[in-house]
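Colleague: Take a look at this one; I'll ask things after.
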Amino acid sequence: MAALQSFLYFATLVAILIPVSAQLTPDFYDKLGGPAYKVLLGRRDSRTASKNDANTNLPPPFFNFSQLLSNFQSHGLNLTDLVVLSAGHTIGLARCTTFRNRIYNDTNINYNFAASLKIRCPRTGGDNNTNPLDSTTTRFDSQYFRDLLAKKGLLHSDQELFKGDGSGSDPLVKYYGYINPDRFLTDFSASMIKMGNMKPLVGTNGEIRMNCRKVNN
């Protein structure tokens, strides 16, 4: 689907910022290998935007599994939505400040992976240094799940989706990672559409934009 000032939580922001443009400019997904999905047009959009409201609804990178699931459920989303939308992290970068605590304090992390990250993200300084959210960050694929299975999730909130004890979302991570990777693309599309339809404006609230990128004059 973390605070906006910390990093691009792609799965969430993509639903807010680019669903129509992704449909109308297929190069975006074609070049990255992402799934095509139909966006419902004619919905009403807000005339204003609030960074504070966005930050309030975005789960931070230190959330545990229960907190993540509760956050998604509060918006009418389920466990599958949580897992596939989190995998929007198959693309993008995160700042050192969002994963520093994980690489120095978490135990559910690959030793060599953590060691390599400590070079880019020291205990002090380097806050704005970045690292890819998964190991194939220029491809929209299911590598995100395989990284979690190898305990190489960059963010604490990512690795919380796979603890290796069969609990929580462990089965789904295994399913998308190895059993049926192609199903991830299908389910991601479905969850994106579902998230895009959350709490639509009705009546005279908002407006139907003539250009999806800006408010009407």
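From the backbone N, Cα and C atoms, a Cβ is placed for every residue, glycine too.
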Colleague: Do you know which of Thr80, Thr90, Thr97, Thr186 TrEMBL groups with Asp134, Thr137, Asp141 in the Ca(2+) site?
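Modeller: So the Ca(2+) site in TrEMBL includes Asp134, Thr137, Asp141 plus, from the candidates Thr80, Thr90, Thr97, Thr186, Thr90.
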Colleague: Near His89 (heme b binding site), meaning Cα within 10 Å, which of Pro59, Cys96, Cys121, Thr137 (recorded positions)?
Modeller: Thr137
Colleague: Measuring CB to CB from Thr137 (Ca(2+) binding site), give everything in the same chain under 8 Å that is also at least six residues away in sequence.
Modeller: Thr90, Ile91, Gly92, Leu93
Colleague: Quick one: among the disulfide-bonded residues Cys96, Cys121, which has the most Cβ atoms sitting within 10 Å of its own Cβ?
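Modeller: Top count of Cβ atoms within 10 Å goes to Cys121.
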Colleague: Say you check the Cα of Cys121 (disulfide bond) against those of the binding-site residues Pro59, Asp134, Asp141; which is nearest?
Modeller: Asp134
